[in-house]
Amino acid sequence: MGEKSSQLKTLLKKNLLLKSKSKCGICCEIVFPIIIVLLVFAILVLVQLFKPNYDLIKTTQFSNRINENNIIIYGGKAGSLNVEQKGVIDMMKFQLSNELNKSISEVDVYFKEINDKSEMENYFQINSTQVFGGIWFESNQLSSVANTTNTNTTTNSFKYSIRLDSNSVLDSNKVKDNGIDSSDYLTKNWAYIQIAMDQAIFGYFGLDYKLVINGQRYPDPYVELWQKWINGRESVFKSAGSVFVSAALLIFTFRLVTELVVEKETKIREGMSIMGLNQYCYFISWIITSLVTALPIDLIIIVILKGSQVIHSTSWIIVIVTLILYLLTLQLLAFIFSMFFDKSKFAGLLTFLTILLINICGIFIGEYEIINIHIKLLLCCIFSPIGIACSFYIMSIRDIPDTISTINLNQVISEKQIIGTFVFNIIFYTFLIWYLDKIVKTEYGTKEPWYFLFTKRYWTVGAGKINKKNKNKEYNYNDIESTIQNNNNDNIEMVPIEVRNKTTISIRNLRKEFKTGDGLRIAVNDLNLDMFDGQIHGLLGPNGSGKSTTISMLTGLLSPTSGTAFILGNDITYQMNEIRKCTGVCLQTDIIWNQLTVLEHLEIYASLKGITNKKQIKSESLKMANEIDLGEKLHTPAGSLSGGQKRKLCLGIAFIGRSTIIFLDEVSSGMDPSSRRKVWDFLLSHKKGKTIILTTHYLDEADYLSDRISIISHGKLITDGSSLFLKNKYGVGYLLTCSKSLNTIDQFNVDQVTQFIRDQIPDVTVLSNAGSEISFRLPTASLPVFSKFFKDFDENLSNFHIDSYGISVTTLEEVFLKIGTDIDTDALSIADGNGNDDELKRSIGVSSTGIKSKQQLKALLIKRVKTSSKDFKAFLLSLLLPLLVIIGSIIVFKEVDNEVIFYNNSTEPLTFSLLQQYGKNDIVPIQLAGTTSEFDFNKFLSNSPYFNQFQYLNNSINFNQYLINNYKQSSGSINFTIPLSSSLINNTTKVISYNSLFNFNYIHSWPVHVNLINDALLRNHNGIGIECTSLPFDHILTSFQKASQGMNIQSIVYFIVIMMAGFSLMAGSFAGSISQERTNRIKRLLYISGCKKYIYWVSNLLWDYFFAFILLLITCIILAIVDDKFNDQFGLFFLSLVLFSLSIIPLSYLFSFKFSSFGKSTGAITAIHFSIGVIMTIAMIILRIEVIIKNSSSLENIADIIDIVFNILSPLYAFSRVIFIISGFPGSLRLGALKIDDYWSLHYASTPIIILSVHVVVWTIFILLIDYSPEFKGYLRNPKTILPPPPPIDEDSDVSAERIRLESMSPIPSTDQGSGGGGDMLQYKGLHKLFIGKGKNPNKNAVYNSTLGIPQGQTFGLLGLNGAGKTTTVSMLAGDILPTSGQITINGHDLVTDRAQALRGVSVCPQFDALITLLTAREQLSLYCAIKGVPDDKISLVVEAFIKMMDLGKIANSNTGGYSGGNKRKVSLSIAMLGNPSVVLIDEASSGCDPIIRYRQCQVISELGKNKVIILTSHSMSEIQALCSRMTIMRDGQFKCLGSTQHIKSKFGAGYSVEVKFKKSCLEVGIPQSLQCVLECFPNATILDQHDLMASLELPNPPENPIKVSEIFNILSTELSSILDDYSVSQTSLEQVFLKLTGATHEDRLNLNNQQQQQQTIPNSD
């Protein structure tokens, strides 16, 4: 438990460090949720801002509103008015004349009698602007009204109807409406007509009083804070609250999913697992880490929601528990979603959107009462986002008193039930995480079948239970010895007893089988092998030999099919957890976090591996950092380290802590020889007490480091033993390399020399005779005669015209190749056949007949066809997903096709009766003014039929407070402002004044209660009441309403916005593939290979246009079928879509230059297009509607100008503009127009069409200009006119001689440098490249004033440390970057001024594998054949020839994305050699390749380079020696030497290397004493290494006292024969020369060079 606790703390520290380093991420986690919550409150506050007017609404006199242009029309159903009706109208005229102080005749013009209902309606339709209102009398007699006081009696009432435009009154079909009150009756003409009519009726029936009636909304009853949110809670929070809260919390889920998938993607989690990571600790650590920021934010959200009382009734504890549990379920969902992603680019986004979509579905599930509550609970148990939606719904409705009564609580889940589902969610999700982690397949690791829980094996053997059969099995270290003896296997070297007793790893009959489409494949075939403590064990083999599979089984990533292995006594089949506690690993992938520093990495892994003391962690980390040569980089983020430094950090991670079993997979990959040497020293110094398993493709590394070496092929152990054992067993002898004398090279006789050697060594073989060097192979069996032979050879050197010679022993690489080709006879036959098959040679040698645009275009289109067909996801994203979105927009457009009415068009009559409107239970509170109010109440209102519903309030009662406290009981109330007694009895005021207060949502309250009181007052006077009815006219449409009639404006807007989203997604996905090709350098390789830049863009445009055309054609056809407007304007819509596609795609390409991945590019470009387009579109919609509403031509002119600007800024906006025009959106019409007569006019579609055409041209030209900018810069700036800095003062003599030769333009002499004669096919003079530093970074001379000429047929090698200038040189020669100064000439053409001709015959194999992962090797080679201009009829032959030569036949039809690194390099090299180029630039061709592949590559390069110039850069010394007739070593951009390999070794070499193996008898006297005997024979020797019976020494060979090879062999074979079992001698290697010449740069050299540069740049004062 203590160990798990320690791991948990370590992982928490790591996670928190990562979180703290991501300042942007922390800001997002804090700011994003706050913004979301603030957005919720902004909406809620916005809803509250639109609160109604609570002030008193006063009505003015009728006379102030009516005039000759604003008349009253009146009439009756009977054709004429009866006496009472005519009397009332006359009374109205009379009262109006008194108010206006005019005569009756003058006032009469304000009235017009129309006694036909239809005629009145027609008149209103024609003259609506001149009609104040209408009055209609339906009956010629007084109507009867039932008396609610006494139901057996009826009373007479005077009936009339007021007629206004239906949009000036409220909907007669509704009694209540949320958010609407009676104020419209007061603000429009209704109140004036009703008051005037009632006043006229009063006057006619003898009650001559002026009516002053005002209106006021009920005082706001929501006085408490929680009540103030009711409107927002009802309209927003009830439904969308959970969405906002989920979105705020999902930022943490987004980040967590991304982090989890990134660690899976980068194999960091895999590496930690191998080194003992507990998976439960891993998951818990990430949950805690996420909660560190998520929980405080969650609590802040809770405090805001409860503190603001948006959530009021639900208790604090319920809200806290609900949201905390929900947050925890979201974190668990993050783990579940992360299981299904291998790449991080879409993981977080898709998780975010999916959970949010589930939450939105939960809104409908929670609110729909038709869904059974048990089904709701079940869904909540499965999906917690549904639960939170239901929770917010019930919390909200509890705080909406008017709503709760209408909800069936039996169909609503309670908060406590939801908490219960959350608890279940947590348990269920935890189980699901555990279950999915066991069954979901990943790239590495063993997984169970989905049904594993139902198997007997799992419950008896799995789940951590020990297999008793295996537990009782004792492994025997002597098994392998017995196997060897029984099989007489002399390929395995016996292990001494004292070493055998230190066995730490014992592999027994280990076997792994894989089921493939081709049947069963055996990756490891009954392997038996032992490894020992204190040793480095090299595990070698060609690609696919089973090395990685074996290591995967030893580390627990794979389970064996049969057999087992024991590591420190623990069985890998059931004790892997124990094994991993002592395991360290350095995978091929760098398992590091870019944000963390070197020191933080080491401290984390030290703690993870069991070191608990903080001081010890610190000291161990510092010590390790210094030992791996990163002491000066302690606080440098790992992402800023070079590739080699990252490998060193991974090495330190593997060794730090308690690791005793170390697996190193390609630990020195990507390092230069100097860095590799330092790593070797580190490994040798740390191997004590450890077992190190080393895999590498550098055989010299395995040779130098490994105590024992195992070579595996096809899953079987081929041989196992020390390096010397393998060399003696499989060695092919010594290599003798002789340098011919320069002055007498033409007198050299190869037959004479060969015969001399053959006389003493009969089996000698001539390997090569090229230029100034000749090489011989001397068999190992002739070792006893070497002493005499070399003595005789030394005496005859001058006779043979040989200046010097070198001797080297069989290398481990040669052993490896011999073993590999012995096993793989097919490979051997292919390799040997490459040079002899004439037909193969002819096919490979097919030359380019010239680059053809048509051929390139066809090839690039075929490439797009194949990649698109193989990548269904990209196809789905680029075509189907946008199509679905667009179809969705059309569905919205047509499914919501019913016209949305933004005005009231109800013309049903409505009688304003309290009984009819609000029933018998509605109470009418009434408060009268004056001291006699109660008397007045009983006297003057008791005759009302609704008197029983009146509620008298005396003056001591606070009227407003009463209404607030009892607002649910009444629809309206009355407050008299003048005592009725003074008005009706004393006749002192002649005014009846009261305020009619209307309750909110009761839309007809004001006219109902005015009619109620006026009816009561009149009845009290003479028993006659008043009945008022609303009889609306048909609505007269405004210009905007006419324009929008018959259409759903909302659906048009939604349709266009969603369609814009679809086409934005289309454009973004197309740009994603361009961004990906640029990031993966595919485009660069195409350009280097001769692809014309405009052809590249044309091919992409044509392909994307093709898909876009399909999309737009489907869109046009569907819209034409479902909508007549689009059918009528099909041509316009189709043209706009075509132009839009032609413009948006190149614009998206332009945006793609700023993004580095498909996911980022697609998402960002989609967002850019959509956001810009939508913002502009919505802004213009609002502006155009304002134009029509205000009928402003000046505003229309401004809109036109803005419209043009928007069209120019965004093609998407221009396209949307055309859609608006075609759809007939009212905002698209010109002022005064009811329809569009000419869609093609400039005021309509022509303007966006023309601008879209301009977009097409501009953006297409723009992307070409950007890509052709290097050419333009080259034409404007010629590097030949810029002087390079002067040559270094200490320049090597051979380098100076080459500079002088080229400057004099003399032909190349035949020299010892192997340059041969004839003219140079490639030469550069004064080549210099200075990179200008940015900020504080200094300028850097990448290449410093280099001069070189290379003739046809020569392979030239470039060596140097990382950053020496090799790749920069190759890039300048390839025309990829421009030199700062100097001249490059290729085949007589200047690279700058005659670029096309110079690069015509140049081909490049770049350092990177810029392969199209979705194409096979065959498809890839066919593509580049066409790019390079190979004739179409020859392409198939050429491709097949290269596939055969490179041994790619078995995988030629598989996508290159699945190839190993070596096979990818073979394809890249083949691409470079296609078309028989005259100059081939090969940059690190063998990087990541095993020796067999390197051997095959060397054969290909050697065979094909006979008539070419080849420049080769490499970190492999053996590769340079095998291929290059001339070479140089670069340091700080300068040539440090120049010549053949033997010339350079002779000139700069330090002597000879001697490797000896002592006899076992030496153990008795001690190895140190035996070593002392060797040193006495070689006094100047230095011991380089000693382990077991092996020792390596270096013998200096000073020029003043040279040592002869014959003397060395003589001493070894005579004086030391008694103590030596075996020995080997070789000249100082090229690698040692390399290390010598690439030592640290001296400060004085840098200062001197800087001074020379300054002197060169200072102008002459003369």
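FYI, residue positions are counted from 1 along the chain as it appears here.
Including glycine, each Cβ sits where the backbone N, Cα and C put it.
According to Swiss-Prot, the protein carries these features:
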TRANSMEM  30-50  transmembrane segment
TRANSMEM  242-262  transmembrane segment
TRANSMEM  284-304  transmembrane segment
TRANSMEM  317-337  transmembrane segment
TRANSMEM  377-397  transmembrane segment
TRANSMEM  417-437  transmembrane segment
DOMAIN    505-739  domain 'ABC transporter 1'
BINDING   Gly541, Pro542, Asn543, Gly544, Ser545, Gly546, Lys547, Ser548  ATP 1 binding site
TRANSMEM  1052-1072  transmembrane segment
TRANSMEM  1102-1122  transmembrane segment
TRANSMEM  1130-1150  transmembrane segment
TRANSMEM  1163-1183  transmembrane segment
TRANSMEM  1201-1221  transmembrane segment
TRANSMEM  1246-1266  transmembrane segment
DOMAIN    1322-1557  domain 'ABC transporter 2'
BINDING   Gly1360, Leu1361, Asn1362, Gly1363, Ala1364, Gly1365, Lys1366, Thr1367  ATP 2 binding site
Range from 284-304, 1163-1183, 1201-1221 with most C-beta pairs under 8 A to the transmembrane segment (242-262): 284-304
Conformational class of Gly1360 (ATP 2 binding site) under the three-state DSSP mapping: strand
Among Asn1362, Gly1363, Lys1366, which are recorded as binding-site residues, the nearest neighbour of Ser545 (ATP 1 binding site) by Cα: Asn1362
Same-chain residues near the transmembrane segment (1163-1183), Cβ under 8 Å, at least 6 residues beyond its ends: 349, 1053, 1056-1057, 1060-1061, 1063-1065, 1067-1069, 1071-1072, 1144, 1148, 1151-1152, 1155, 1195, 1198-1199, 1202-1203, 1206, 1209-1210, 1212-1213, 1216-1217, 1220, 1225, 1227
Sorted by sequence, non-Gly541, Pro542, Asn543, Gly544, Ser545, Gly546, Lys547, Ser548 residues with Cβ within 8 Å of centre, ATP 1: Thr549, Ile712, Ser713, Asp1490
Output field, ATP 2 shell: CB within 8 Å of site CB centroid, site Gly1360, Leu1361, Asn1362, Gly1363, Ala1364, Gly1365, Lys1366, Thr1367 dropped: Asp672, Thr1368, Met1530
Long-range environment of the transmembrane segment (1201-1221) - Cβ separation under 8 angstroms, sequence gap at least 6: 1052, 1055-1056, 1059-1060, 1063-1064, 1132-1133, 1136-1137, 1140, 1143-1144, 1147, 1169-1170, 1172-1173, 1176-1177, 1179-1181, 1183, 1227-1228, 1236, 1239, 1244-1245, 1247-1249, 1251-1252, 1254-1255
Other C-beta atoms that fall within 10 angstroms of the C-beta of Lys1366 (ATP 2 binding site): 28
Number of other Cβ atoms within 10 Å of the Cβ of Ala1364 (ATP 2 binding site) across all protein chains: 23
Neighbour tally for Leu1361 (ATP 2 binding site), based on other Cβ positions within 10 Å of its Cβ: 23
From binding-site residues Asn1362, Lys1366, Thr1367, the one whose Cα lies nearest Lys547 (ATP 1 binding site): Asn1362
Distant-in-sequence Cβ neighbours of Gly1363 (ATP 2 binding site), under 8 Å, six or more positions away: none
Least surrounded among the binding-site residues, given as Asn1362, Thr1367, when other CB atoms within 10 Å are counted: Asn1362
Beyond the flanks of the transmembrane segment (1246-1266) by at least 6 residues, Cβ under 8 Å: 1093-1094, 1097, 1101, 1132, 1135-1136, 1139-1140, 1142-1144, 1146-1147, 1149-1150, 1153, 1203-1204, 1207-1208, 1211, 1214-1215, 1217-1218, 1240
Beyond the flanks of the transmembrane segment (1102-1122) by 6 or more, those residues with Cβ under 8 Å of it: 857, 861, 864-865, 868, 878-879, 882-883, 886-887, 890, 894, 1059, 1066, 1070, 1130, 1133-1134, 1137-1138, 1141-1142, 1145
Pairwise Cα distance for Thr1367 (ATP 2 binding site)/Asn543 (ATP 1 binding site) [Å, integer]: 27
All-chain count of other Cβ atoms within 10 Å of Ser545 (ATP 1 binding site): 25
The one of Gly541, Gly544, Gly1365 whose CB sees the fewest other CB atoms within 10 Å, among these binding-site residues: Gly544
Rounded Cα-Cα span from Gly1360 (ATP 2 binding site) to Gly541 (ATP 1 binding site), Å: 28
Integer Cα-Cα distance in angstrom, Gly1365 (ATP 2 binding site) to Pro542 (ATP 1 binding site): 31
Between Gly544 (ATP 1 binding site) and Leu1361 (ATP 2 binding site), the C-alpha gap once rounded to whole angstrom: 30
